[in-house]
Amino acid sequence: TNSSQTRTLSFFLGGFPAWETPQLWSAVPLCSTYLLALLGNLTVLSIITAEQSFHTPMYLLLAMLAVADLGLSTCTFPTMMRMLWLEAREISFGTCLAQMFFIHSFTDIESAVILAMAFDRYVAICHPLRYSSILTNSVTTKICVAIVVRTALVQFPLPVLLTRLCFTRVSKLSHPYCLHPDIIKHAVSDTRINSTYGLFVLLSTLGLDLLFVLLSYLLILKTTLNIATWRERLKALNTCVSHICAVLLFFIPMICLSMMHRFGKHLSPQAYVFTANLHFLAPPILNPIIYSVKTKPIRREILRMLCQRG
């Protein structure tokens, strides 16, 4: 039966095409990367939690971004480490679905938080006098709850729909973790419903978020061009630099990966691996660094902590 075939099934993780180097040496930079992501995001989170002056909408959203980054890196790194250190490529069907659900969920959460941060910048620059009345802490908390609810509602059907499919006995995935478009490529039954729903999820979450982020930046640009002096224009745009970096870091590799999965049938496996790893591994490491460098109060707090340790 279909169900028994699905239950006993497992996948083989791919994604590291060059096995010539000893796996242990490949695992060292990967492990360092994960530790860096953990250290950076936990530092940002602990500073925002501990310091009462940081309990404002902008920093609450930054804390939510750090949580999404922590979730994303903790979902992807363990299977990569298992592959490199233990050479354990096999992953059970249930574990693969759970990993896929959490990876896509944290990706959606990060995307929605980036949109909320764009709205924060829009209100701060276009309606500065009304900022504190529009974006209160309770409004920000409601936004965060809405983000989690939206993610759970749209992502839950993905693994459920996958349990209906039949798979070949040996399915080798393109990545060292489970992604929805990658899994459905290996199904031997009809995947039209899965593909259509997957595309709907992508467009209704990440697609819409990106559209609204771009719209908010068009409005920000329009407002800054109306500011009298160049110095004030640059000052206003400077408050957006770290957020623009977060937008580019997150959306560019994601768009490339989506396009590659749908249209890049003849691309080399290395291209998939590089783009996917850039999408999932770069934001958790670089976001805390960018925000720490560009946000003066956080930078000051980190330096204070380091001086106390010293």
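In case you wondered, yes, glycine gets a Cβ from its N, Cα and C as well.
Per TrEMBL, transmembrane segment is recorded for 24-48 (among others).
Residues annotated as domain 'G-protein coupled receptors family 1 profile' in TrEMBL: 40-291.
As annotated by TrEMBL, transmembrane segment applies to 60-81 (among others). Residues 13, 15, 27, 30-31, 33-34, 37-38, 41-42, 44-45, 48-49, 91, 99, 102-103, 105-107, 109-110, 113-114, 116-117, 120, 137, 140-141, 143-144, 147, 176-178, 246, 280-281, 283-285, 287-288, 291, 295 of the same chain lie 6 or more positions beyond the ends of the transmembrane segment (60-81) yet place their CB under 8 Å from a CB of it.
Summarising the annotation, TrEMBL assigns transmembrane segment to 101-119 (among others).
Taking Cβ pairs closer than 8 Å, the transmembrane segment (131-153) reaches residues 55-57, 60-61, 64, 105, 108-109, 112-113, 116, 119-120, 123-124, 205 in its own chain, all 6 or more past its ends. The transmembrane segment annotation in TrEMBL covers 131-153 (among others).
Marked as transmembrane segment by TrEMBL: 197-220 (among others).
Positions annotated as transmembrane segment by TrEMBL: 240-260 (among others).
According to TrEMBL, the transmembrane segment annotation covers 272-293 (among others).
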Worksheet, complete the sentence: Model confidence for the domain 'G-protein coupled receptors family 1 profile' (40-291), as mean pLDDT, reads 87
Discussion item. I'm a bit unsure how to read this: which one of 24-48, 101-119, 240-260, 272-293 has the highest number of Cβ pairs shorter than 8 Å with the transmembrane segment (197-220)?
Written reply: 101-119
Practice prompt. Count the CB pairs under 8 A between the transmembrane segment (101-119) and each of 24-48, 240-260, 272-293, then give me the winner.
Written response: 240-260
Worksheet entry | Outside the transmembrane segment (272-293), six or more residues from its ends: residues with CB under 8 Å to it | 15-17, 33, 36-37, 40-41, 43-44, 62, 65-66, 69-70, 72-73, 76, 103, 107, 110, 174-175, 177, 179, 242, 245-246, 249-250, 253-254, 256-257, 260-261, 264, 299, 302
Discussion item. Quick test of the contact rule: Cβ under 8 Å, at least six residues beyond the ends. What residues does that give for the transmembrane segment (240-260)?
Written reply: 65, 107, 110-111, 114, 117-118, 121, 125, 181, 202, 206, 210, 213, 217, 220, 267, 271-272, 275-276, 278-279, 282-283, 286-287, 290-291, 293-295
